[in-house]
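**Student:** Can you keep this structure in mind? I'll have questions shortly.
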Amino acid sequence: MVYTKAWFLQNIARQTLGKNVAVHRPPLKLGNMTNWIQQQQAQTNLSLSNTKAPGSLDERLFLTEDDIIFHDRSIQLGYFDPSLSERKQSPPGKSLHRFVDNLNPNSSHFSASLLPASLSSLCDSTCGDVDDEQQFNSLATSPLSTETQSEVSDPLLDTLTPNSLESSFASISLNSFTSANEFIQFLKRLASSKLSIHTFDLYKLVRNSPELLTLEAYNIVLQCMSTDDYFLSSSKNIQKIIKVYVDMLNSFISPNVTTFETVIFALCRRAKFVHQKIESLSKRTIYAHPSIAKEIQPELLDLQSEMPLQTAVFMFTSSLINHDLIYSPQFYAILIESVSLYGTQSQLDSLLECVPLGTIEANGHPDLLPALIRALGRAKRLNSCFQLLERYNLSDPTSDTSMTNVRSWEGLMEAYFDTDHHVEASALMKSFFRKADSNQVIPSSILDCFLRRLAQLGHYKESAEWLGMAIEKISTYKASPSTLSSILEAACLNNNDKFAIAFVRKYTLSRFSDCHAVLLRYLDLLARSGNVDLLHLHAYPVICSVSSHTNFTFSNVYKAFIENGKIDVALRLLRKHIDPKVSLGNNTAPSSNSVALQLSILNGFWEVLTEELQKDVHVLLSLVSTLENQVNFPQVDFTTPLLRHITGYLVSRRLEPELISPRVFGFLLEYAAFNVVQTEGTFTSKVILTDLLKCYSNGTYKASFKNVHVVLRSFTYLKEDEMLVASVRDDIVSEAVVGFSTDNNGQKILADISQVCYCLDDLECIDQSINSLVSKMLTSASPEQVDVNILFFQFGKLIETNKFLHPEVYPTLISVLSKNKRFDAVQRVFEHSKHLYRKISTKSLEKANWFMALILDAMILSSSFARQFKSSNLFCDNMKMLGYIPRASTFAHLINNSTRRGDTDDATTALNIFEETKRHNVKPSVFLYNAVLSKLGRARRTTECWKLFQEMKESGLLPTSVTYGTVINAACRIGDESLAEKLFAEMENQPNYQPRVAPYNTMIQFEVQTMFNREKALFYYNRLCATDIEPSSHTYKLLMDAYGTLKPVNVGSVKAVLELMERTDVPILSMHYAAYIHILGNVVSDVQAATSCYMNALAKHDAGEIQLDANLFQSQIESLIANDRIVEGIQIVSDMKRYNVSLNAYIVNALIKGFTKVGMISKARYYFDLLECEGMSGKEPSTYENMVRAYLSVNDGRKAMEIVEQLKRKRYPLPVVNRISSLVNSHMGQKPKRRSLNTSHSSLASLGNASTQHSINSSIN
């Protein structure tokens, strides 16, 4: 169905004026519903005071289901749909039925809006298909219909809800709620847990069950949604809140003051977001190149079309009709403040007309009085501002620095300027300065407001004088960047370069580093005034950041340098300006398209070059070097003239070979080839490429390639120059295979080279039929889905017939078999490939070696999967003997599988392997970087991890969500919250971003376990739920930890999470029981409840519903030990044996701590040594640390040192070893008195009598 503006407003009218709305004479000539409702106040009150049965009034005086327009005799209202800011009279002289037809949704004249424009997208986006017209007619034809929408699903709710949540909540049975109260209680638990997205999903599920949705239920849903930033982050999401409100009206539930305040609060917050976003986008479009501005413009226009405050003001004013509502001072403060800051003048006037200034207590909230003064000043009502100041007897801000007092005077200062009384503002400031001489302080916010507004009027010199006086007389005052930028901007707008230069020198350029638009105007002023020396000094440090935030190309700056004969300065600045390392390293740069910006900068630079400079060889070489430094081939507009001019110098040999490096010449060949491919072989592009190939073939210029596949691909366009291509092909291929290119497109590159290097398709020994079948099996499914038995059956036929597969199939076959752990089959394929190698070598040894290099590369991969590291090294050595090295992906697998038994520092191993790839000039891939980053992150070597991540981006590789997940995890491991948040935001803004649950879980776990911040944990949880991926079981466990381990502990919310999982059919696993046991036993010390939960988990296992793991037993043991019930803790160990669950290091850690607590060190040592037994998981560094602490607790330094020696033999990283050994060194340095281990027996008194000791011993035995 379609939700029109008229439909929305008339739903509100129905609630504010009643179902049947009387229309009285004289006729109201109003063009929109908002004003009509406002002016109906008196008439409606009259109708209510003179109560009369509806039937006794003339039927035409009521708006019923069929009367959507307003009429009186020959004058009809509501035919047109003007904006709310305009007043248009409906055209007279039309018959009534004509206007009714116009309101029919099937009519082409059907009005789409009397609703505020902020909701126009809601009206348009909720249209169903044409097939839904019948439903539409039954509901939308009459906005005042007594029928509800309970039987119709809403496409808005269906499309705006993430699929994962929709599918999970679809499993909830409405019959599970026995009453509305039970539903409301569950809703309250979700809301109190701030699970706003789940609250909305639950609402969507029950919206067809009006018996469950009461006013209280609606308010709970609205309050939960309006406090969540997710629902305010976009126009689509804010519409969900409005939609819930409209559903309530359709259900004939009258909103109360809580309802109105909640929805209006949400609209005010949305208005602030829209305002800030518009400001940001405007700065990036006003100075941008048209091609970039065109990309940003649609988003900007969409935001500008939103008017959330129009809706907020309308809802507030209409709510006053026939509603005895008393709004809170906080509500007035927020609404008035929002409209005065972000609203239009007409919105502010409409609001102030309805605000009961005489009755509300402005001192009821600290923000209300300042908001009122600011609003009245903007409304040009300065006398009212003075009246408020007198009424509440505000003190001088130099003596009373309370927040309300200072902000009120700041509002008065704004009011002076809003009403064109800046002279009076200056007089007021003078009075403040006279009092400042008496050691009183002028609040900085008032000073900044005065200076900023004065500068914006154009009185920048006077503002600067006031600023100097403030700095001189007030020692604590420091001008804000916005104040400084306002003064500088005004000077630039007035073209006063002398003042601007002096002002920047006085306050330093660094003070303006974040004022990008002002810096842009300043640099432009320097360029126009010809101050090129100062321009060079000031442009160099800021040009990159200013461009990133404004999308400005600075062609005027380059033009100024060129016109003043400083072309070298311009070229150096250009190189820095588009340096990919600078742009990629600036993660906060908001440029929507950095590539488009770089192209615009380059094209703008070429345009300001004179015709002579466009042919200058040094300029051309500098430009080529700059282009070569970019990540990809820049598709600039001057590619052809650049290549044509520089090729002319090369062909005529006017360019000495020593002036052009092999890499620059190689780039010229690649760039020319790229141009041929891009233009699909135009005549000019092919001429340039052939000329460069001739220069390469005669040996005059040496070349070094990075993207040789582009050159090889361009050969298909040079069929008329086959002899030239043949003469250079072998040299280029030889250059290509050195380094064995292996980036993301490596497989395609290798295919290109294979076609050039050896065309083996016509080998007679290849069985084409089996080769085709095997190739199809290998490529049509993932390796895990390939039927290995059938695959190897086909391969067996080749052995029987002495036939072979195509050489390129063998590496893929080995890879698939390896991933399926069929290493015996891999060995047979390897032996078979040796026979093919011998056959190929009879024709071409070079081609045979290349084939064997591919096979050996695959065998290295296979050996790494099998963890046969000696074999991997052997195969690698054989490759090197042939002149080849493994691919990047092969090295990545070596790193991933590099952990040998007993090796506890695999990060160093990973770095050594990675350094080997660099030594051999292997082109790294994303997969390779991910492998190294993962190892470094787990080893907490974050500095190296971050450095490698930056190196990866600088090399032009685009990080994936896996990459970001790794570096985010590394940042979390060292507790760097700002870095983790920065990386997370960067990950979500990546163009190739594919959401994965792991990074979200990492951030949630980090906020819960490291930062102890429940609010942020819930923020990331809701962000996860807003994607199209489902939360994992671990996510729910972390959510339980957020409520159950962080203060204030909320066990009710923990239960709500479990109830949510149960109602949505999410399996409750052993980890969830373990988390709940920990919360009950360790956090709230309710050991009985924890034990009950533990027994319930065992019963669930016995019933076959869950699978037990060590975490469950660990939580119960820790719970018992925390409550001094070590005996029962030992009994849990017996339960583990009964359920075939092995001890692990973490359970033993708990037992060691428990026994240490009661002085039973020998028992602790028993379990410590038990981990070395066969079938146990082994010790962790924390296990050694706990045992060391146990011995030190009884002053047995010698035994503690023995444990440290054991640790050293395990080859753990040195920092880990040093940290634990320092415990012993510190203890030995103190030389404490030694206690006998026998004291442990005396400590048993804390456990009870001798029978307790017997219980422990028997449990252990």
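For all residues, glycine too, the Cβ spot is worked out from N, Cα and C.
Reproduced below are the annotations present in Swiss-Prot:
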type     : residues  : note
COMPBIAS : 1237-1261 : compositional bias 'Polar residues'
REGION   : 1225-1261 : region 'Disordered'
REPEAT   : 365-404   : repeat 'PPR 1'
REPEAT   : 405-442   : repeat 'PPR 2'
REPEAT   : 443-479   : repeat 'PPR 3'
REPEAT   : 550-584   : repeat 'PPR 5'
REPEAT   : 806-849   : repeat 'PPR 6'
REPEAT   : 852-886   : repeat 'PPR 7'
REPEAT   : 887-924   : repeat 'PPR 8'
REPEAT   : 925-959   : repeat 'PPR 9'
REPEAT   : 960-995   : repeat 'PPR 10'
REPEAT   : 996-1031  : repeat 'PPR 11'
REPEAT   : 1109-1143 : repeat 'PPR 13'
REPEAT   : 1180-1214 : repeat 'PPR 15'
**Student:** Using a cut-off of under 8 Å between C-beta atoms, tell me which stretch among 852-886, 925-959, 960-995 contacts the repeat 'PPR 5' (550-584) the most.
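**Tutor:** Between the candidates 852-886, 925-959, 960-995, the best contact partner of the repeat 'PPR 5' (550-584) is 925-959.
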**Student:** For the repeat 'PPR 10' (960-995), give me same-chain residues lying six or more residues beyond its boundaries with a C-beta closer than 8 angstroms to one of its C-beta atoms, as numbers and ranges.
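**Tutor:** Residues packing against the repeat 'PPR 10' (960-995) from afar: 587-588, 926, 929-930, 933-934, 936-938, 940, 942, 945-946, 949, 952, 1002-1003, 1005-1006, 1010-1011, 1020, 1027-1029.
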**Student:** Counting only residues 6 or more past its boundaries, what in the same chain has a CB within less than 8 Å of a CB in the repeat 'PPR 1' (365-404)?
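**Tutor:** Here the qualifying positions are 328-330, 332-334, 336-337, 339-341, 345, 348-349, 351-352, 357, 410-412, 414-416, 418-419, 421, 432, 435-436, 440-443, 446.
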**Student:** Under the DSSP assignment, what numbers of helix, strand and coil residues are found in the repeat 'PPR 15' (1180-1214)?
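**Tutor:** The counts are 27 helix, 0 strand, 8 coil.
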**Student:** Let's see if you can do this one: DSSP helix, strand and coil counts over the repeat 'PPR 11' (996-1031), in that order.
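**Tutor:** Result for the repeat 'PPR 11' (996-1031), in helix, strand, coil order: 25 helix, 0 strand, 11 coil.
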